[in-house]
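A.B. asks: Got a structure for you, questions after.
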Amino acid sequence: MSLADSDRELVVEELEREPTPAEAALFENLWSEHCAYRSSRPLLSAFESEGERVVVGPGDDAAVVALPDPETGENSDTYVTLGIESHNHPSYVDPFDGAATGVGGIVRDTLSMGAYPIALADSLYFGEFDREHSKYLLEGVVEGISHYGNCIGVPTVAGSVDFHPDYEGNPLVNVACVGLTDADRLVTAEAQEPGNKLVLVGNATGRDGLGGASFASEDLAEDAETEDRPAVQVGDPYAEKLLIEANEVLIEDGVIESARDLGAAGLGGASSELVAKGGLGAEIELERVHQREPNMNAVEILLAESQERMCYEVAPENVDRVREVAERFDLGCSVIGEVADGNYTCTFEGETVVDVDAHFLGEGAPMNDLPAEEPDAPETDLPDVDLEDALETVVSSPNAASKRWIYRQYDHEVGVRTSVGPGDDAAVVAVREADTGVAISSGAAPNWTDAAPYEGARAVALENATNVAATGATPLAAVDCLNGGNPEKSDVYGGFRAIVDGLAEMCETLSTPVVGGNVSLYNDSVAGPIPPTPTLAVVGAKAGYDAPPLSVEPEGELVLVGDRALESGDARLGGSEYLARFDGSDRFPALPEEPAALIETLAAVADDDSTLAVHDVGHGGLAVALAEMVTPDAGLEASIPGDDPAGALFHEQPGRALIQTDDPEAVREAFDGVAPVTELGRATDEGRLEIDVGDDRLEVDAATIGDWRATIERELD
Amino acid sequence: MTVSIVRFGGSNCDRDAERALEHLGIDAEIVWHEDGLPADATGVVLPGGFSYGDYLRAGAMAARSPIVAEVREAAAAGTPVLGICNGAQIGCESGLTEGAFTTNESARFQCERVHLRVERADTPWTAAYEEGEVIEVPIAHGEGRYEIDDDRLETLENDGRVLFRYCDADGEPSAAANPNGSKHNVAGVLGERETVAVLMPHPERATLPDVGPTDGQGVLRGFETA
């Protein structure tokens, strides 16, 4: 891939000369889809990114949101940062290193804001679990995340794993990071002052990951696993851990004016974006960069994506302190130049190799106006399945099954903040600095957005918000990772546009600003495009760190809130795991009419003293949620109204929760006028699930449920 | 009294140990390994993490660092020393304790809660428990399988220097309850002096009541009783 002819013409017109090889390489990378969002930016204005809690919105390395003061509800001085990144193509070519470096990148985005990383969430998407290649990718990706995340001491507390045949040739690895900072520590990626030094701290620069940004902006070729391996970087979590601690000292010392991590397009990307954001330029001498191998040329130094490097703007009088800290942590450090008025210039051995306007380099790429075709709504074609078979098949399907084999490999407790860890609806992390529990939920649902991109994406947003509310927390903000296929195909682009609009609509309805994100297109291979996949990571806040458990206690009543299908008798199975397993199609469920009030009420009820357990009803539907609540010591007796057993048990309308309570009347009152409430039955002291539905009675004990849910670990252990 | 928590490059449970000790009212400070062990350290924690990235063998590089030589001297003089997870690996690599912690039977990292049986209640680290008591503490390691030759294990057991064993909820040290394939389910051992102990599970992760159970507090209280 080289700079497209039409782009070259624009560059020549601006520069009034031919670009040098280094400039051409910079434009090629920074104007790539991966960096410049040329096909997606026209759509992203749909998102509401402002709100009373938002301190720094989209466009920086990570977003910054103020936590509410638990006493007054006003913004406190304690902030969390949110960022999300995809590492899809590298994880296909080299699952271990691709996934590991994805973690490294989003953690450095957190450091850039003057924050300390306190939690990670990974949303992973693979082809069907019964394919050997999917298992190989899953094992490699999980091991890569485990290796890197565990070593740097950042707990992986939440996430999601989905399997769908259309990820066969292109898995997705989306990683979100939450960091902790405050009003005093906050820095941004906006250069402040001409004359300040630009200091590169971290690993030496080598010839690795050349052209990663442009590699991420093409479809994966059939021979990508061998041909594109040099475009994948190799991570060094030990260096990253040293960088985290060095950054912490530098931030505490107050010697950083602005910061940007080196990610896509390496030093050229980070340094030019930093100064462009401040409306400034730079004078950089490339030979000053500390290098790992001899005889590197200007283009290699400028664009290598060697990992674990940060670019800092430092006032001249503080440069010695930065050197001292870097040395203490055995990190390389070089003063590569300074912030300047005028152009972004780079010299190499006395020769000027780059001399361009930084703003033009960063923002000058023309946007693509692509044709979009609306996807068709599916027709209704329902299979006829025995209910007992359906229960076993759906509960044990890899999408619904336990993910313990995966999250057991992640250190989810380091940092001693994890109050609720993976395997629950949402994680809860203790931010003692503000007496606040931060709830985190991350995920998408490929079956939903495959069946109905717009409604499915609305459902993804509501589902993540419901997960957060099930812990008693109220959503604060979200970041999205929008994954799509080749946008030059009009039906693919139409589906992508629909998920953007759907996600934006529901987030705005829920007053949850989308404060940042990432777009990954060209997730396309010979196997075809991926389903449009809008991973959303939602954070919420609550007073205190406790949350009701997911598992049932042997007492109290069981109530289902938010189920429109039970109320109307019109269950729609579109997008369900049931139809994915048994082949069929249907309309996508109608979503709740008052989602914002529903979320608010659920958060309040979850924290009520009479509430014993809460579980979100989502993937796999009511059947799976009921099964997940049963333990060897406590069970459920549920009677489900209506005459459509399969529809009632397996439809996947989000915005529902099962609540075990001592006081069902209080739950009914709380949801009056907000959402339907159905009393399903009661808890028992026997580890069994008993469901009466239509003319059927389903019975299964906890041991059998555990066995069904062990699909993944049974296969991989 | 101040307990020194030794931070190497790659340590990542140093702050957690500090927070947990301070919750118990035990003064603690983090010490950068290059700065050496403070002369007035009344105790030493070798914390969890991945010192030097564990790129050679877990704990092997740190075990050969100057500060660990000072820790060994302090230990010989009676200063209480507790090695947790990577600190336990450093303890064995440096000869503070016998045996070695090597790759889990599963060959994978495992983060989960396990049951431990308290083998002796008459040591500083277990004085808060009853002998035979079952406590629940998390593990988080990829290299926690305890290995030692049979004769030395027999001596260790006869000398009462096995401190904790992995067990089931009823206190039975069964194969099923052994998370990593450790010989005789050994989870933690004492050094030559009973003021020196290492264990793979993380007591500092089971100490703060605001995020969960607190069965690990008794181990950290060893710095008060030792």
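Just so it is clear, glycine is given a Cβ too, placed from its N, Cα and C backbone atoms.
The model shown is predicted, which means the values in this text are computed figures rather than measured ones.
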A.B. asks: Going by the ATP site in TrEMBL, where A:Y37, A:G517 are listed, which of the candidates A:D69, A:D77, A:D480 is also part of it?
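C.D. replies: Candidate in the recorded ATP site: A:D480.
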A.B. asks: Per TrEMBL, which one of A:R108, A:R328, A:R497 shares the substrate site with A:S86, A:H87, A:N88, A:H89, A:Q233, A:E305, A:S306, A:Q307, A:S520?
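C.D. replies: Candidate listed by TrEMBL for the same site: A:R108.
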A.B. asks: Run through the domain 'Phosphoribosylformylglycinamidine synthase linker' (A:1-37) and tell me, per DSSP, how many residues are helix, strand and coil.
C.D. replies: 25 helix, 0 strand, 12 coil
A.B. asks: Where else in the chain does the domain 'Phosphoribosylformylglycinamidine synthase linker' (A:1-37) make close Cβ contacts, counting only residues six or more beyond its ends and a cut-off under 8 Å?
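C.D. replies: Distal contacts: 44, 211, 213-214, 216-218, 264-265, 268-269, 272, 298-299, 302-303, 346, 348, 353-357, 360-362, 364-366, 487, 519-522.
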A.B. asks: Have a look at the recorded positions A:E85, A:H87, A:D261, A:G517, A:N518 and say which one has the shortest Cα distance to A:R108 (substrate binding site).
C.D. replies: A:D261
A.B. asks: Tell me which of the binding-site residues A:D261, A:Q307, A:D480 ends up closest to A:E85 (Mg(2+) 1 binding site) in space, Cα to Cα.
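C.D. replies: Sorting the binding-site residues by distance from A:E85 (Mg(2+) 1 binding site), the top entry is A:D480.
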A.B. asks: Please name which of the binding-site residues listed here, A:S86, A:D109, A:D261, A:E305, A:D480, is nearest in space to A:H34 (active site), Cα against Cα.
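C.D. replies: So, of the listed binding-site residues, the one sitting closest to A:H34 (active site) is A:S86.
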A.B. asks: What subset of the recorded positions A:H87, A:D109, A:D261, A:N518 lies within 10 angstroms of A:D480 (ATP binding site) at the C-alpha level?
C.D. replies: A:N518
A.B. asks: For A:D480 (ATP binding site), just give me the three-state DSSP call.
C.D. replies: strand
A.B. asks: Taking just the CA atoms, what is the gap between A:N518 (Mg(2+) 1 binding site) and A:D261 (Mg(2+) 2 binding site) in Å?
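C.D. replies: If we compare the Cα positions of A:N518 (Mg(2+) 1 binding site) and A:D261 (Mg(2+) 2 binding site), the gap is 15 Å.
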